[in-house]
Amino acid sequence: MQYVYIFIGGALGALLRYLISFLNTDGGFPIGTLVANLTGAFIMGLLTALTIAFFSNHPTLKKAITTGFLGALTTFSTFQLELIHMFDHQQFITLLLYAITSYVFGILLCYVGIKLGGGLS
């Protein structure tokens, strides 16, 4: 049954990722990928903190959200491909801005999620 929950979570995450991708319409800064990855980082941090209080009794739901939903929502491979595309087009400032923003804010939002989740549990 766990696989069904992961499948459903993955389908929902993929659908949301697809909808967010429409933010990338101008061919410039890939805001859709950034939004998807930063949202995923925050939710992962939040769920990590809530695991002790809530998800210890619901491990299948945790797998559905983390492995399924967040696994499909976030996209490290697209992020890497976009960085290579920027490099190939000599968009070095945009490349650095995107990479630094993604990593720094990803870590920061994951941390905020952990702290917020700790306060809720």
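Glycine too: its Cβ is placed from the backbone N, Cα and C atoms.
Record features, source Swiss-Prot:
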- 3-23: transmembrane segment (TRANSMEM)
- 35-55: transmembrane segment (TRANSMEM)
- 64-84: transmembrane segment (TRANSMEM)
- G71, T74: Na(+) binding site (BINDING)
- 92-112: transmembrane segment (TRANSMEM)
Around the Cβ of G71 (Na(+) binding site), the count of other Cβ atoms that are within 10 Å: 17
Stretch with greatest number of CB pairs under 8 Å, the transmembrane segment (92-112) reference, 3-23, 35-55, 64-84 candidates: 35-55
Surrounding residues of the transmembrane segment (35-55) on its own chain - C-beta under 8 Å, 6+ positions past either end: 16-17, 20-21, 23, 61-62, 65-66, 70, 73-76, 79, 102, 105-107, 109-118, 120-121
Spatial neighbours, same chain, of T74 (Na(+) binding site) - Cβ under 8 Å, 6+ residues apart: R17, A36, N37, G40, A41
